[in-house]
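Feature annotation from TrEMBL assigns transmembrane segment to A:5-25, A:76-97, A:106-126, A:141-159, A:164-180, A:200-223.
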Amino acid sequence: MLVRYLLATIVAGLFAGILLTPAMYVRTVPLILHAEEYENAGGHEHSHDAAAAAVPHEHEEEASPALPFGRLGNTLLINLVAGAGFALMTGAAALFLGRRITLQNGIYWGLAGFFIFNLAPAFSLAPELPAMPAADLAARQAWWLVTVVLSAGGVYLIVLRNEIWARIAGVLLIVAPHVYGAPQAQNLNSAVPATLASEFAVSTLATNLFFWIVLGTALGWAIQQYAQSELDA
Amino acid sequence: MAAARTSTTISLPLASRLTTAVFSLMLGAFIVYGVGLSHSETMHDTAHDTRHSYGFPCH
């Protein structure tokens, strides 16, 4: 087991997770909070069930089983954990492929991760705000997962293989889930203003691009700094 | 050393990196599943803002 390599990837992931948190609080969290106002207002307005309408948002928060670190604390915790998770997967991919993530090429690993995990799924399944109409959750999650896996295969075939068939197959893999189509909501009526939704879509892509560039660069730095000897052995 | 620093490939044979690669991928996938996709209410409510911001399907 390459323990230093694993620890280096985790350190890079935690670092990127820390930096993602203020970026989210500047760009995306205010929009989520804003949309939740419509979520509550919308629920009240459209509900014909008096009992359901009478449930205020505060009650919902009291009953919420979220971990007890407050909204910012929970988000920071989850960002740290998520950063480590994405870092471990990126580090694993590099190990499988026999490629070294360095300070110089780290940004490209980050851009690949951004494309695979954020941009490709967002083509057909735009990032949603609370209270936006959406199709069945499980169906969207399944589509998201399939798209991520296919896009990863596509990026590998296009970037790391030189054969022409591989390039073509790579493009097909990336395009396939969008031709098939993401699950879409039946009814597009939304309580959330369209400008808020479009601002949110752009903001999430911007913050995630920032996260992945930091993560890729930090991975390269940490692996070079702490795990070089293991990889040269 | 200079060559090793700029090298973008790993000389270590696949057999010696496979265990770490598999372990790292499984652990990473497990974490990302928990953060982004798990239907557990505790996970959903704790990870709520991250899920939305990250573009995971939520709700």
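Backbone N, Cα and C define each Cβ position, glycine as well.
Among the recorded stretches A:141-159, A:164-180, A:200-223, the one sharing the largest number of Cβ pairs closer than 8 Å with the transmembrane segment (A:5-25) is A:200-223. Looking at which of A:76-97, A:106-126, A:200-223 has the most CB pairs under 8 Å to the transmembrane segment (A:141-159), the answer is the stretch A:106-126. Fewer than three CB pairs closer than 8 A are found between the transmembrane segment (A:76-97) and the transmembrane segment (A:164-180), and contact between the two stretches is not assigned (pairs 6 or more residues apart). The list of residues near the transmembrane segment (A:106-126) in space but at least 6 beyond its ends in sequence, with Cβ under 8 angstroms from a Cβ of it, reads 86, 90, 94, 140, 143-144, 147-148, 151-152, 155, 159, 174, 177-178, 181-183, 197, 201, 204-205, 208-209, 211-221.
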